[in-house]
Amino acid sequence: MKPIVDYRVYLVTDRALCLGRDLLDVVAAAVQGGVTLVQLREKHAGGREFVELGRALKDLLDPHRIPLLVNDRVDVAQAIGAAGVHVGQSDIPYADVRRILGPDAIIGLSVDTMEQALAAPDLDQVAGGAGIGPDYLGVGPIFPTATKLDAGEAWGLEKLTALRRQTHQTLVGIGGITVANAAAVMRAGADGVAVVSAIVSAPDPAAAARELLDAVEAARV
Ligand code: TZP
Ligand code: MG
């Protein structure tokens, strides 16, 4: 069965931004603070290291029933029994990822433009006949960010709202999201906020995660 996923505060990892702290310690703190979903995104990890890190992260998250997604690497996700994968526009095509991982996997797709976002539901037709589109769209960057240098032009809140009006897809905002603007992203139509630096580079990752969750919750009422 497909797990129910809570997208409210979605932590995306980057060891290089952890200010010298161990990634597992940072994620453990973020879990205490209340992150609801985690993606292992380590662009410079080799296959073996990626698997070892993924296993350790999954062991940390499983007792809390927090799903782990793997960035780009379908093989790593399968090796560690992760809940799913997140792919971008130039990675293995969504339909192939769905065919490999099956209907119960959580698969996220990055959309960099409105055109890509509106084309995404059409993927239903090519998902091996399974009729299953992506579980969520990662919409970004919402704001300028130094974390992903090739992230492209920022969407801004108005464009996110315009997308919200045209799709029923689950939308997760990413890029430049902080405690200060997370509520605005939710009010603009996101179902959750994905962050890297706002948590992993925070002096107190547990407090940062807690404040993000509070901001998201405040926007929902
Ligand atoms: N995809 C679009 S922006 C981004 C990714 C992975 C980086 C987000 O990092 P931050 O530190 O939350 O701005
Ligand atoms: Mg990718």
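Any Cβ shown, glycine's included, is placed from N, Cα and C.
These features come from TrEMBL:
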DOMAIN    9-199  domain 'Thiamine phosphate synthase/TenI'
BINDING   Gln39, Leu40, Arg41, Glu42, Lys43, Asn71, Ser110, Lys148  4-amino-2-methyl-5-(diphosphooxymethyl)pyrimidine binding site
BINDING   Asp72, Asp91  Mg(2+) binding site
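Arg41 (4-amino-2-methyl-5-(diphosphooxymethyl)pyrimidine binding site) sits 8 Å from Asp72 (Mg(2+) binding site), taking the Cα positions as reference. Under a cutoff of 8 A between CB atoms, and with a sequence separation of 6+ in the same chain, the neighbours of Asp91 (Mg(2+) binding site) are Asp72. In the vicinity of ligand 1, defined as a Cβ distance under 6 Å, the following of the binding-site residues Leu40, Glu42, Asp72, Lys148 are placed: Lys148.
The secondary structure of Lys43 (4-amino-2-methyl-5-(diphosphooxymethyl)pyrimidine binding site), as reduced to three states from DSSP, is coil rather than helix or strand.
For the binding-site residues listed here (Arg41, Lys43, Lys148), the lowest count of other CB atoms within 10 A around the CB belongs to Lys43. Checked against ligand 2, the binding-site residues Leu40, Arg41, Lys43, Asp91, Ser110 give Asp91 as the ones with a Cβ under 6 Å from it, listed in sequence order. Lys148 (4-amino-2-methyl-5-(diphosphooxymethyl)pyrimidine binding site) falls outside any helix or strand according to DSSP and counts as coil. Its own atom aside, the Cβ of Glu42 (4-amino-2-methyl-5-(diphosphooxymethyl)pyrimidine binding site) has 20 Cβ atoms within 10 angstroms in the protein chains shown. Contacts of Ser110 (4-amino-2-methyl-5-(diphosphooxymethyl)pyrimidine binding site) defined by a Cβ separation under 8 A and a same-chain sequence distance of 6+ are given as His86, Val87, Gly88, Gln89, Leu137, Gly138, Gly140, Ile174, in order along the sequence.
Sequence-distant neighbours of Leu40 (4-amino-2-methyl-5-(diphosphooxymethyl)pyrimidine binding site) (same chain, 6+ residues apart, CB-CB distance under 8 A): Thr13, Phe50, Leu53, Gly54, Leu57, Leu68, Leu69, Val70, Asn71, Val76, Ala82. Just so you know, the Cβ of Asp72 (Mg(2+) binding site) picks up 20 other Cβ atoms within 10 Å once every protein chain is counted. Its Cβ placed at the centre, Gln39 (4-amino-2-methyl-5-(diphosphooxymethyl)pyrimidine binding site) has 23 other Cβ atoms within 10 Å.
For Asn71 (4-amino-2-methyl-5-(diphosphooxymethyl)pyrimidine binding site), the number of other Cβ atoms no farther than 10 Å from its own Cβ, over all displayed protein chains, is 23. According to its DSSP assignment, Asn71 (4-amino-2-methyl-5-(diphosphooxymethyl)pyrimidine binding site) is in a strand.
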